[in-house]
Every structure is written in structure tokens, then in C-alpha cells.
Number of protein chains: 2
Amino acid sequence: MPELRKDPVLGRWIIISKERQKRPTDFPVEVSRGSGGFCPLCPGNESFTPPEVYAARPGNSPADSPGWDVRVVPNKYPALVIEGELAKEGVGQFDKMSGIGAHEVVIECPDHDERFSDLSPEKMARVFQAYKERILDLEKDHRFQYVMVFKNHGQAAGASLEHSHSQLIALPILPRMIVSELEGAKSHFNYKERCIFCDIIRQEIQQEERVVCQNELFITITPFAPRTPFEMWILPKTHRSSYYEMNERELEALSELFRETLQRLCGCIKNVPYNFVLHTGPLRSGNLEYYHWHFEIVPKLTSIAGFEWGSGFYINPLPPEEAAAYLRQVEN
Amino acid sequence: MPELRKDPVLGRWIIISKERQKRPTDFPVEVSRGSGGFCPLCPGNESFTPPEVYAARPGNSPADSPGWDVRVVPNKYPALVIEGELAKEGVGQFDKMSGIGAHEVVIECPDHDERFSDLSPEKMARVFQAYKERILDLEKDHRFQYVMVFKNHGQAAGASLEHSHSQLIALPILPRMIVSELEGAKSHFNYKERCIFCDIIRQEIQQEERVVCQNELFITITPFAPRTPFEMWILPKTHRSSYYEMNERELEALSELFRETLQRLCGCIKNVPYNFVLHTGPLRSGNLEYYHWHFEIVPKLTSIAGFEWGSGFYINPLPPEEAAAYLRQVEN
């Protein structure tokens with residue numbers, strides 16, 4: 001079983017995933033996968049993945065057969081495993097925990113060659129709906145505190161399969177970044193009695209220079225202190241702390257703006273590798289006054305040297321005001 | 001002038017370095033430098049770098065001429081600049097600061113093809129001495145709070161020049177990672193009245209399974225919760241909070257163990273790309289009872305996906321106990 005271990009100084013948790021274990025001769029592992037090969041995510045190959053946990057099947061075809069628009073399956077090489085007790089243990093002065101969790105793959109479309117950024121808003125909405133359904137289902141499992149949803153697009157951004165997919169990891173702890181975000185947001189709220197993200201949205205709409213695009217319900221900005229060129233955040237304009245509270249109209253509006261945002265990004269840099277991560281409230285946390293869910297899209301353009309991820313200190317050659325101006329210029 | 005900007009939620013500072021500015025068409029920037037080309041760091045090419053700020057010249061040759069063993073020069077494309085006032089400014093609800101700092105390149109040896117891990121302990125000691133001298137000099141500038149010393153080895157780890165070198169950035173703020181480390185260590189000290197790193201060293205020596213190698217004064221361990229396979233920390237066995245307090249005997253012992261550590265790493269994985277970062281107390285912080293300086297060596301073997309550096313949550317396929325066993329087996 002995988003293990004969760006806590007750095008005693010920083011309080012940072014890491015996963016030791018023996019299921020994915022390697023010997024020294026297996027490194028380096030940055031192997032690219034040929035495009036001509038077999039794809040376990042394509043329709044017809046359903047039996048090569050673990051049984052699906054969710055699918056959008058407009059024709060009501062049977063589970064684990066073709067006919068799906070979106071399909072969610074457990075990861076065949078999971079970083080965390082779903083079966084077992086959540087055992088917590090001290091090892092001398094150290095802390096560890098059994099690696100209980102869920103690790104799922106969201107297959108975003110049946111077509112092997114279609115890219116997420118090219119999906120129609122309707123198709124994209126099905127993916128966002130799948131995230132919502134999976135989070136709602138995983139929330140029932142009280143061993144889990146958080147569901148992290150993320151996408152790696154392009155090999156440079158860590159994707160190991162070509163077929164468009166995102167991933168979802170249910171965790172028995174809160175990731176450090178979310179803890180920091182919650183703490184920062186809470187301290188602002190305690191002082192000002194306002195959500196810091198609502199404050200940011202108000203200021204950005206007024207100043208305009210970091211706004212990339214918006215519609216009635218959502219806004220895309222380049223953040224004031226971005227880690228990388230063209231980093232963008234997509235936020236709901238109305239205060240909401242949990243992603244899965246979205247209704248159908250909001251899902252549609254999100255999909256339209258998400259598509260436009262990625263199209264603008266791809267219009268600036270062709271074939272750009274990127275990651276996005278959903279930032280949402282902890283499971284079962286109810287409606288938090290101080291937190292505001294959002295997506296963070298981080299293009300992988302600069303080489304992140306060890307210095308940068310090791311120190312938490314980023315050097316970005318492009319001011320976000322200029323990035324936003326470039327992104328706005330893309331014809332849509 | 002570059003700018004330092006603070007993320008209002010996380011308190012994370014980033015550098016917007018307009019000096020390194022790029023247009024969208026300049027991305028992606030992960031360009032490798034051909035090996036046959038001109039090297040500005042080689043002896044004889046001293047005029048192609050800014051004037052040196054430090055050099056070890058055994059024959060007392062004149063500055064900016066050949067005859068040096070180690071040479072430190074300002075970075076030609078600095079992320080931060082040394083001239084100017086440290087102006088702090090609010091922008092609406094945001095905070096920024098002028099990008100005052102020093103960004104220097106430590107040329108570790110005259111030979112273009114010699115690798116840091118192959119330097120003799122005597123040559124390595126000159127590099128560690130150069131770090132010490134530069135930190136002591138930069139400490140006098142009261143605009144700076146921290147000097148970060150780091151090395152990127154190999155293109156995958158972010159190195160853009162082949163000639164063996166490390167870098168040094170003097171910052172007007174404390175990097176987030178160091179703040180977290182100081183806070184974690186202080187809270188342990190407040191509770192137990194002991195340095196947490198001293199506690200870790202004691203426990204590791206007793207348990208043995210994560211010890212890679214040691215000598216009288218220093219120890220190399222694989223940390224309990226490593227971010228990557230073969231991550232290692234090198235720590236002084238005696239409590240010390242500042243790197244630059246090292247005396248000559250300690251510099252020698254560090255160099256011997258550092259060389260052995262890297263040789264063991266290279267013995268496990270040939271041509272391994274890696275980063276190391278010096279973690280030391282803030283400038284002018286005196287002797288802190290709760291903090292313990294050390295080096296962190298992080299091989300770049302797994303692909304760090306956006307998820308991992310974006311969430312602060314790492315998935316590591318190799319338990320540190322097994323990594324240490326592999327490293328110990330390398331003949332030295």
C-alpha cells in the first residue's frame with residue numbers, strides 16, 4: 001500500500017507510491033509515448049481500463065462499452081489506493097499514514113485526436129459535469145478531506161498519454177497549497193469581513209488591465225503575481241466556495257469562458273503545454289464565506305529549475321498586464 | 001527595473017524580470033545550447049562577463065584575467081538588479097517592491113568540461129569558500145534579507161550553460177520556503193527546546209536506514225518525506241544556523257562528504273540532472289537556536305507535473321530507505 005509521509009519541518013505531505021516503484025536503472029523516466037501505439041482510453045478498448053466509475057452515455061449503452069461522451073475510470077497505476085483502513089502512525093518523531101485515496105482518470109472525449117481546448121462548450125460542459133459528479137460521490141467517503149482535479153496537457157507539462165484526459169485524486173489530508181490558500185483567505189476575511197477573491201475580482205474589473213475575458217458569470221484574469229508567463233485564473237463572479245455547487249447555467253457559462261480562455265492561450269502560443277488545477281473548498285466544508293473556488297491555468301513555457309520549485313520563488317519574464325494584452329488581442 | 005510582487009492570498013513573492021522579457025513568439029524557451037560554441041565562462045573570455053566580484057587567484061593574477069580557480073561575476077541577465085532604492089508600493093490591494101537584489105554566477109572551475117561532482121575535495125572547498133565570502137559581503141548591504149545559493153546541473157534541471165557553475169541571488173525578502181522552514185523549526189523548538197534538525201540527525205544516526213554516508217562533522221541522509229527519488233540532505237552534525245560560520249576544517253569535511261554524496265548519486269544514475277539549494281539562516285540573524293543550515297540535493301528524475309509544484313504535493317515512486325540502500329551500495 002502507498003504511504004503518506006509528512007515532512008516534520010514544513011508539514012508538507014508527500015506520497016510514497018510503491019505501486020509505481022522503480023529501480024535506479026529505470027530512471028530517467030521522462031519517456032515519450034509514440035503516437036502510433038495502442039490507446040487504452042479509446043472507445044472499444046474499455047476492457048483495458050479498470051471498470052468505469054462514471055460515464056455520460058447519451059444512448060444508455062452498457063457500462064464499459066463504447067457509446068460514451070465522457071468516461072471516468074480508476075487509474076491503473078494509482079498513486080493512492082481505495083481499499084483499506086486509514087491508519088495513522090508515528091515513526092519515531094515522524095508521521096505517516098496509509099496511502100488511502102482515489103486516483104481516477106477522466107477521459108474527456110472519445111476522439112483520440114481531439115484536444116481539450118478544441119472541445120465545443122457543450123462537450124466541455126460534460127467534462128466539468130463529470131468532475132462535479134465524482135467530487136459529490138467521493139465526498140461521501142469520510143476518509144477523504146479533499147479532491148484535487150487537474151490536467152496535464154502536453155509532454156512538457158507531464159502528460160504521459162496523448163488521448164485527452166484529466167485526473168482526480170481524493171486525499172485523506174489537505175494539500176499544503178490549499179491549506180495556505182485557506183489560511184490566507186481566512187486572515188483577510190477576519191480583518192475585512194470580505195472574501196479576498198471577491199475583492200480581487202472587483203478591482204480587476206475596475207482596472208481592466210489584467211482581465212483576459214469574461215461573461216455574465218465568470219471572469220478570466222492574469223493574476224497580479226503570476227508564477228509563469230500567461231498564468232490565468234478563471235473565477236465565478238458570484239461568491240461560491242465549492243465547485244460542485246454549480247448549476248447547469250453556471251456549468252455552461254464556465255465551459256464557454258474556459259474554451260475561450262484556452263483558445264486565446266493557444267492563439268498566443270501554438271501547441272502550448274499547460275496544467276490546470278481546480279482550487280475548491282475542502283470536502284463537507286459547506287459554504288465558506290472566506291474562500292472562493294477557481295481554476296488556475298499554468299502554461300509550461302519557462303523551465304522550472306529546482307531553485308524555483310524548491311524555494312517557492314518564481315522568476316517570470318512577462319508582466320501579467322502584457323500577457324493579458326496579448327491574450328485579449330487574439331481574435332475569438 | 002525588475003519588480004517583486006506578492007500574491008495577496010498565499011503571501012508568495014515572485015519576480016517580474018522585465019530585463020529578461022520575452023514576446024509570445026519567443027516561447028517556448030527551453031532551448032539547449034550547442035556544445036561546440038563559445039563559452040563566456042572559460043578562462044581567456046573574462047571580458048565577456050561583467051567584472052568579477054570575487055576570485056580565487058593562487059598566482060595573484062590581475063582581476064578579470066586568466067589564472068583563477070573560482071570566479072564570481074554578476075549575472076549578465078540578472079533577475080534582480082543591484083542599483084537603486086528599495087521602494088515598496090501598494091497597488092490597490094496588492095503589494096509590490098522594486099526588484100533590488102544581486103544575481104551572481106559562481107564559475108566553479110576553469111576547465112569547461114569538468115563536472116562539479118568530479119572536482120577534488122580541495123577544488124570543491126574553493127567553491128564553498130566562494131559562497132561564504134559572497135554571503136559575508138552581501139550581508140553588509142542592509143537592503144537584503146537573504147542570500148539563496150543554488151546549482152542547476154544538466155539541462156533537465158534548468159542549466160542553460162554547460163560550463164560548471166552555480167548561482168547566488170540576494171533577496172530583499174525571505175523566500176516562502178525559508179519562512180515555512182523557520183516557522184516549522186521554531187514551533188518545534190518552542191515546544192521541545194531542541195532543534196528539530198538536531199533531533200532528526202540523532203534519530204537517523206540511531207536508525208541508520210536513511211543514512212547515505214557521513215564523516216566526523218557532516219552527514220548525508222535521504223529525508224523521511226522526500227519529494228523525488230534520491231533526494232538527499234547534507235547537514236552539519238553540530239548545531240549551526242548559518243552556513244558562513246564554517247571554519248576551514250568544516251569546509252574541508254563538507255567538501256569531502258559532498259563529493260562522496262554526488263559520486264554515490266552518479267554511481268546510481270549516470271549523468272543525473274540535479275539541483276541543490278543551500279538552506280541557511282536569514283542575513284544578520286545571528287546564531288539561531290532553532291534553525292540548522294543544510295544543503296538539499298534534488299535529482300530531476302521524475303517529471304514534475306504542474307499538479308505537483310502547483311499543489312505542493314509530491315508523488316515519489318521510491319521510498320527513501322531503499323534509495324539510501326542503493327546509494328550506500330555504490331563503491332566509493
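From the backbone N, Cα and C atoms, a Cβ is placed for every residue, glycine too.
TrEMBL entries are annotated by machine, without manual review.
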Original post:
What does TrEMBL list, out of A:HIS103, A:HIS112, A:HIS142, A:HIS188, as binding the same Zn(2+) as A:CYS39, A:CYS42, A:HIS163?
Top reply: A:HIS112
Subject >> Summary of DSSP states over the domain 'HIT' (A:196-307), given as helix, strand and coil counts >> reply: 38 helix, 25 strand, 49 coil
Subject >> Near-site residues: Zn(2+), ref A:CYS39, A:CYS42, A:HIS112, A:HIS163, CB cutoff 8 A to centroid >> reply: A:PRO40, A:LEU41, A:ASN45, A:LEU161, A:GLU162
Original post:
Given A:HIS112 (Zn(2+) binding site) and A:HIS165 (active site, tele-UMP-histidine intermediate), what distance in Å do their CA atoms have, once rounded to a whole number?
Top reply: 10
Original post:
Going along the chain, which residues six or more apart from A:HIS163 (Zn(2+) binding site) have their CB under 8 A from its CB?
Top reply: A:CYS39, A:LEU41, A:CYS42, A:ILE107, A:HIS112
Original post:
Per DSSP, A:CYS42 (Zn(2+) binding site) is which: helix, strand or coil?
Top reply: coil
Subject >> Entry from the recorded positions list A:HIS112, A:HIS165 having the most other CB atoms no farther than 10 A >> reply: A:HIS165
